[in-house]
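Quick notes on the structure that follows.
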Amino acid sequence: MTQTVPYRCGRIAVIGRPNVGKSTLTNALVGTKISIVSNRPQTTRHRLLGIATFPEGQIVLVDTPGLHREQKHPMNRLMNRTARGSLEDVDAALLVTESTHWNEEDTLAYNLLNDTGIPVVLVINKIDRFKDKSALLPFLTHINENHTFTTIHPVSALKRKGLETLVSDLLALLPEGDPMFSEDEITDRSQRFLASELVREQVMRQLGEELPYATTVEIEYFTENTGLFRIGALIWVERESQKAIVIGKGGARLKEIGVKARQQMERLFQTKVFLETWVRVRKDWSNNEAALKTFGYE
């Protein structure tokens, strides 16, 4: 008689310092892009659920902003609160770090997770950078000697390497139970939210070095017609000089942001998109916690 394998379902927080590939890992496990990515700090600013459904179970990933040691800036304080708050009501956590690089912010994340008592899986990301994987051995030895993890997984989220065994170990940590979401759901966030994030992703990719804190995106309208989404995206900055940078010479930069964001939306929403973008100034909004909350920062 064949024994039925019990279905498992639960929530797993994805924690780590900025720019180690947490959102790339979330996207890879879900199987499609729901979290924006760039090589700039503060790309992820909100908590977002990624729903990864498999025949054996459902993993609800809680993608979080990167943990910062620097908390003088209100944005950093809010993002740290969001990351810490994501540890409530989770069954386990993924601590994501970068291959061979462990710093004080990794230790901050490790200590935070260690205090919770939940199972912690270490994901060593970006191993595709090493042709000779034996170069990882000294780092793995150091980690094992100085830290305690339920399991350790070297992976490449970008290349989707090492994910099968990671998924198997994560499912084993979850309680038996019915799925929380239907099989076709991939996130708890609305299409309106995802549209704003895809515009912000292009701003970060093209202007993140010049405007690290100063931009956010608000959706002014989002209408759905048969075969077409009409979306109006307002990009907020803090100075007139920043507005000029976002618009670019003859509007070229803003046009490029719009084109790239629209292409990403059409890929995600599986429909044609008409996207209108424009830029406005709200002085010092990122230094004002009340203003941050009006823009949806929790």
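Even glycines carry a Cβ here, placed using N, Cα and C.
Within the listed segments 63-66, 103-106, 175-178, Swiss-Prot records region 'G3' for the stretch 63-66.
Range annotated as region 'G2' by Swiss-Prot, chosen from 42-46, 147-151, 262-266: 42-46. In Swiss-Prot, the feature region 'G4' is placed on 125-128, out of the ranges 73-76, 125-128, 237-240, 249-252. Range 16-23 is the one annotated as region 'G1', of 16-23, 80-87 (source: Swiss-Prot). For the region 'G2' (42-46), the DSSP counts in helix, strand and coil order read 0 helix, 0 strand, 5 coil.
Around the Cβ of ASN19 (GTP binding site), 17 further Cβ atoms fall within 10 Å across all displayed protein chains. Under the DSSP three-state reduction, LEU67 (GTP binding site) is assigned to coil, being neither helix nor strand.
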